[in-house]
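According to TrEMBL, the transmembrane segment annotation covers 9-30, 42-65, 86-106, 112-130, 142-163, 169-189, 218-236, 248-270, 290-309, 352-373, 379-396, 417-448.
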């Protein structure tokens with residue numbers, strides 16, 4: 001297990017780091033080349049695109065969880081091929097419906113965006129289906145390299161648009177769709193022996209129902225953060241202009257890139273631990289808990305060079321920095337919940353608890369969004385409510401896990417909250433160098449305090 005896990009770690013982390021780096025470059029290029037308003041329209045497309053996986057009701061997520069831990073050769077090819085035919089038919093129906101709605105009920109910019117979302121629904125959901133086959137069977141290298149390839153195509157197309165001076169929000173969206181198409185075709189080719197096997201004569205409806213029953217809970221949990229933040233973003237979009245929405249979306253986009261990279265670790269953890277007994281799962285949690293927290297808290301240091309980059313490379317968005325100081329800590333709670341809480345709650349069969357946590361979080365997000373946006377019309381208060389909701393969600397996740405894992409809830413949650421508060425203070429300093437050095441000192445002190453636990457963790461990992 002150890003050798004396989006570390007091979008997957010290297011194969012998964014390195015390509016995902018490259019993927020995140022490419023996304024980061026794209027994010028620095030696009031806002032500089034189009035107006036703030038047009039960037040806002042592009043962000044509206046990206047905002048709603050994050051929800052299109054809801055259209056498959058957790059089907060592919062259920063498949064990922066139910067097949068997680070199997071090898072690629074152990075997959076029932078005829079059953080999966082039959083399921084894929086039904087899945088494709090449903091996805092095409094939804095995509096065509098969205099395109100018709102865009103053409104018939106919307107005008108101008110929003111019509112283009114809705115039609116593009118319809119196309120993205122088809123491409124993205126089919127891509128996710130193939131992706132989850134690779135992930136469930138721990139084919140991390142193939143999954144990661146194909147994603148890197150797709151993002152490289154996206155960056156190449158953006159640079160081509162720049163060279164021919166055809167940069168608009170519409171052409172950037174088309175470039176994004178073409179990149180998704182390229183990665184989809186690569187995935188279909190890679191999994192052709194499974195997806196295009198001779199299907200069963202009788203569609204396995206019971207298997208599909210089982211995927212939907214379990215996957216809907218997982219999808220609900222995995223998209224919960226996007227929905228929680230999305231509620232507040234939607235209120236902001238309605239209450240302020242497109243330019244303000246763009247300035248809020250930029251730091252959220254940087255945060256999402258960090259989140260996607262860090263969450264790639266969770267994709268490595270689940271299939272490996274899902275095969276193990278309870279004691280190994282418990283040991284895995286203890287090892288990962290401290291390691292992930294230290295990585296995430298150290299990762300907040302990225303705020304300071306990013307702040308300098310925005311100041312010098314995208315001066316139009318300098319006002320976004322004040323929001324980024326609040327949004328970045330939310331990444332810590334969000335990533336911690338996804339990597340630790342969600343992963344181990346899935347392994348332990350606590351999907352219902354995940355649903356309860358998310359329902360509470362939705363209610364808090366909606367309430368704080370209404371109060372901050374419509375009650376006080378205060379943009380900073382609306383942004384601050386994101387971190388409040390994410391921290392609450394993380395603490396609730398810790399509460400459910402501590403009943404199974406038997407760890408001290410207060411000793412685990414209180415120190416991280418203190419460090420996050422100290423980060424916000426450092427990030428808000430007018431002198432970026434002093435802020436960076438101050439937070440760096442805090443992280444080093446934290447690592448020094450945990451040095452013995454880190455040594456023990458290293459020994460456990462070697463064993």
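Cβ coordinates come from backbone N, Cα and C, glycine included.
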Recorded stretch, among 142-163, 218-236, 290-309, 352-373, 379-396, maximising Cβ pairs under 8 Å relative to the transmembrane segment (417-448): 290-309
Highest-contact recorded stretch vs the transmembrane segment (379-396), from 42-65, 112-130, 169-189, 218-236, 290-309, CB pairs under 8 Å: 218-236
Interface check, the transmembrane segment (112-130) with the transmembrane segment (352-373), three or more C-beta pairs under 8 A: no
Of 142-163, 169-189, 218-236, 352-373, whichever stretch has the most CB pairs under 8 A to the transmembrane segment (42-65): 218-236
For the transmembrane segment (352-373), sequence-distant contacts whose Cβ falls under 8 Å of one of its Cβ atoms, 6 or more beyond its ends: 217-218, 220-221, 224, 227-229, 231-232, 235-236, 238-239, 342, 345-346, 381-382, 384-385, 388-389, 392-393, 396-397, 400
